[in-house]
Amino acid sequence: MSIDKVISDIRICRSLWENMGRSSKDKRDIYYRLAKEEGWRARSAFKLLQLDEEFNLFKGVRRAVDLCAAPGSWSQVLSRKLRGTEENSEDVKIVAVDLQAMAPLPGVTQIQGDITKITTAQEIIKHFEGQPADLVVCDGAPDVTGLHDVDEYIQAQLLLAALNITTHVLKPGGTFVAKIFRGKDVTLLYSQLKVFFSGVTCAKPRSSRNSSIEAFVVCENYSPPEGYIPNMSNPLLDHSYDVDFNQLEGPNRIIVPFLACGDLSAFDSDRTYPLQLDPSKEYRYTPPIQPPIRPPYQQACHLRKNNLLSKEDSPTVSFGGAFSALHLSANQESDTAAAAAAAAPQLDSCEMNEEEAAEQEVQ
Amino acid sequence: MSVSECEMADRKSAAVMESLMLVAPVTALEFLEEEYLLAGEGPILSVYSLQTLLINCTSLSVLQNQRIHGIHLDPWQQERGATAAAPKEEELFVSPWQQSGRVRSVVLAVFGGKAVRVVGLKETGCGGPSLEALGPVIELQDWVCDVRWLRARAPLLAVALAHNAVLLLEAGKGWSLALCSCQEGCLLYSALLLGQRWDDMVIVGGTVFNQLVIWRPGEVGEDGRDRIEGLQMEVGRTAQVEKRLSGHSGVIFSLAYLPKHGWLASASDDRSVRLWGVGALGGVAGCGVPAPPCLRVLYGHQARVFSVRLSPGRVFSAGEDGACLQWGWDSGRVERSLKGHIAGGVRALALSGGGRAVEVACDWGGRRRDQALEGMQVHLRAGRGKVHSVLWAGQDGVRAYLLASGTAGQVFRWLLEGALYSCGRDGCVRELRVGAGDRLEVLRVERACRGMEWVERVLILDPEEGGEEQGTGEGCQMVVLGFQSVFFVVWDPVRRERLLSVPCGGGHRSWSYCPPSGPHRAGGALVFVKQGAVLATQVPQDPQGAVSWGLKVGLHGRGMGCVCRLGWVGPAGQGERWEILAAGGEDTSLSVLALQPLSGALRVLSVITDHISSVRALAVGLRGKMRIDGQKHGCSQTDGHTVTSLSSLLISAGGRAQLQCYRLLVGWGSQLSSPFCQVIQVASHRLDEQWERRRNRHKIVKMDPETRYMSLAVLHDGPEWILLAVGCSDGAVRVFSVSEVDGSFQLLWESFYHQRCVLSVAPCCLKDPQSNRKLFMFSGATDGRVAVWDMSTITAWRASPTAAPTWNGTCSPCLTFTVHQSGVNSLAVWEGHGDGQTGWMTVASGGDDGQLSVVNIRVQFHQQLVEGSTMCVELQSQSTVLLAHAAPLTALRHLGPSLLVSASPDQRVCLWSLCSSAPHHHSPGPHQQGPASASMAPPHISRTPPLTSMALPYTSRACSSHTWPTQRAWRCGLGLGVKAEPG
């Protein structure tokens, strides 16, 4: 078998594999597929839409802030819903904040900044011409490390940072929506949020998977404690159990009401659907709207694709000096073919990793 | 469990749960010179002796409900004790041991989550070391990234906090003396404290913005250094970042510093390790050189790098890909790659002083070993077909085996044990035995190694010289030799790792392999012919070679999705019995585990890798005939002891609509005093078998959904066949029968009534006034609805010889009701209502909404047909606890007449008692036992998604002298907890 043949075979296998892998994701996750078909940048758009169905989040909102906005699906929802319904859509102001840049959206102003910086809060207010925001949303989540206690902690810190900047920009009576992980110390976060909002509900949109611990806190009627002065220089620390009488055990733990959101007739995010949803419409694969922007593993994947990752040196030695010359001279071609063959599975697995990562991103 | 809780529970005469055993991933490691290895497993600190080959000496639960993330030895203890004659300032390495009389002791600071605790390790003249807590758990306001003992008269600790601050802590009492924050208050993923004194110490922080920041928390200027001794709290000081190192494109997970060379290493989410020439840090040197250069960027890991350590000339890194790489400092190349961990990745890495790199702890600890079946009888039989070669490969009076190579590249192997292995170019190893009538029976076909299509030989290695060194008394070990792509591979099927991989160019070669000797199995020599030359490869076994010891058995690396109890084996009434569990994981494997709650021992008896997607549900059938004659389930007399063995059918279900059924024979080897397990494949089923048979399937897009099986329940456990209910993600409830005689699954019935992913199924049996058995099936879906199905006629139909291929008995449920706002995660159904009246069923359900609900259902039987049915199923009453858990309620079991246990990712297991004063009243609701008592926070850091299953024994009797019936619940997640509940 010639090297060319080997390489061309590898290419064919790869393209088929990609197609299969992609449609398989479409089957497993109906909202992923719908998001692509409806032009949302990520499936999480449906989560905000379903939260709005339940809580009427967008009613009368003129100024909205989307924290940790990239890739921008929630900003997309804000843009379509707020500007679409208002008579004079020019009045509506939407600000999207993220460390990363993202593709522009109509009516959405991007601020590339850190939500823990006072300057970012000032910039938001400046954009609203000194007026506070009516609604602050945050769908940010850290890259999970796999160690659940660490992930939960980081997510809690992200939420508290979002809460902190929200206290700078939200009008009294305003609404704050953020992602929360329902884990070990979630009750501590609830008690912290209860200090600032009179209504705190844990909501789970139907588009968020049953198997995921993700949920959203919808915090209504911003009413900070009397005399509270927003302060960015000291981070809001988590509450701890003894300080706030929020018991580790027993009935004194603060658990906020739970509400499942979204119409029951909506698609079930846990169900696997056939590709042919509608008999009259043929299934066609839709590529993702927006691939992940500069993921951390980009360089590593590039190296891996080109077989440039460092590897342990081969332990093979020639068996006696007499044979070594022969071995070296005769072996060139087959070694190249072998290297090409060896590279093949890695190419695929690298693809897969990227796609998996894209999946995470999209979720 | 604390004392107060016990008292409260006693007062209420309520049931109490107590944690018996916890198996958790290893997340922290530290060497104590060359003598001990300290490991943090969940909240438990374990000490392993290095001299006696890693035997677990002692363990102590240190951090209550926090997971241990780091351990730091106090090097200044000696100096603190002896007031005079302080060692020289420059001395960098001081022994942490303190000798007083015949007692040697070490002080450790253990941290994790938001807690720090000081622990002492004591070694008296005789006996092993012992651990004791030297103070309470010090709970802090913020997450702890690193701690460091300071050189001072008082026991002072510097603690790096995740909001880029450093806290000065008096370790004995837990007083905070000073707090210094960095002006840059961003979140740290990792931190490293350097220096000996508070005034001149340096912190390196790995920020959420992919940078390293270096600053000094203790710089005080004029105040002088004696201020510390005054023990005054000082707050609100901030410091500036002095150095900033950028380059990583991901967050920093780990940092290491080598004072001798002034190197700093950082491991990152971007899969690289970077080395920085920072110069001297801490002490008079301050923050090192003005502009630290990045000396090396090391890319070699296939996934994120979680841990890095430095030794002179070398860098060690370990990560999510389960590999530990040893890098040469000069070359920047990988010198050695140590692989020994199954899926899940390596979390912690420690280096001993002498540069001997051991080990590497992963999500599930160390390596695993298997028990071989014990010798029973000699079978030496001729093979089928033409025999090409026969080879005796060892005879020492204990083990002898015969190799015969036949046509089609097969190698047959005969063992004393009577098990027989064959392998071929289909990449499978078949385990056979000689059954009745001199016929070969295939017990198990196992795909040896992913991608290894050409299996050449199965090799049984002699048991290691010191068989007891693992403390397990293990038998012989099997390895599989074959070709994978262009490599010759030696594969260990139990540990699931490549022991050797040689790029020889692939198959069609004449080769010979010589297994290595010694306590480790890596390496060995391979000789092969390539391009007319004879080449040999041999892994050097010089003192620098990697020698690996198994420290701890590994379990499922990526979290367990389900667990179920099979029973117990072992001698009766000696407290020596082993509980046998089966567990399925996201790593697509299924493992049979044996554990001894009293001693805390855990063995992996067998690993089954037939699933192609994650294993989500397990069920067990206890009846049924054994296909193979021999020992039956029950008791046998061995050496005057009654020994119980066990045989059961295990059914597993998972992703890609796959069902597997196995006969497990678990026995107890009295010679080795340990259980062993034989696995026989019985049946396998996939919904889309037609699709699998299509030849050109890679060219077409498959239109039907790839169904995941979400849950399993045994509807009928008969001697001939078992009826199974399966909840499926495509919205169907399916009923299968599995027969051991036919060796197949049969789909009997399906209904798409729910039109939503079916999360849970449960059976319930009733007797009508005529004593006819009525079988009901309950199914719960993601919309919070539960459907009740009358399946009474299915068993009779299945038993009739003229049965049609599918059953048409029920097409719609006899009752449906909504109990939850969203998914019904778990169902528990039993007959009766309060005082056990007949004609009632009680349904307890746990939902995604954190709610626990109990529904009473009344079944009325009519003499005549009423509305086309002879019975009427009615919902009588419903009661709920709205916020039973702060997170989804993922598992629920019925323990006794009025006792329920629930588990949730909020890390709590709750006991509930059903209070019903009068059975006819409509509010027999669940009440939590005691005001705050029965709900307990398990000392358990295994959070969620995988915390989904709980298994209960049918009724295991009490251990020895106690007369309490004991029930145990197993929770699974990324850890395995065992709870005992003496009622």
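Residue numbers in this text run from 1 along the chain shown.
Placement of Cβ uses the backbone N, Cα and C atoms for every residue, glycine included.
Keep in mind that TrEMBL annotations are predicted by a computer and have not been checked by a curator.
Quick caveat, the model's predicted, so the values are computed rather than measured.
Residues A:GLY72, A:TRP74, A:ASP114, A:ASP139 are given by TrEMBL as S-adenosyl-L-methionine binders; from A:ASP29, A:ASP91, A:ASP98, that same site also lists A:ASP98. Checked against TrEMBL, the range among A:34-63, A:334-363 recorded as region 'Disordered' is A:334-363. Comparing the recorded positions A:GLY72, A:ASP114, A:ASP139, A:LYS179 on other C-beta atoms within 10 angstroms of each C-beta gives the minimum for A:ASP114. Calculated from their C-alpha atoms, the gap between A:ASP98 (S-adenosyl-L-methionine binding site) and A:LYS179 (active site, proton acceptor) amounts to 16 Å. In the shown protein chains, 28 other C-beta atoms lie within 10 A of the C-beta of A:TRP74 (S-adenosyl-L-methionine binding site). Comparing C-alpha positions, A:LYS179 (active site, proton acceptor) sits nearest to A:TRP74 among the binding-site residues A:GLY72, A:TRP74, A:ASP114. When secondary structure is read from DSSP and collapsed to three states, A:ASP98 (S-adenosyl-L-methionine binding site) falls in the strand class. Within 10 Å of the C-beta of A:ASP98 (S-adenosyl-L-methionine binding site) there are 22 other C-beta atoms, taking all protein chains into account. Per-residue pLDDT, averaged along the domain 'Ribosomal RNA methyltransferase FtsJ' (A:40-222), amounts to 89 for this model. When every Cα pair among A:GLY72, A:TRP74, A:ASP98, A:ASP114, A:ASP139 is compared, the largest distance found for this S-adenosyl-L-methionine site is 18 Å.
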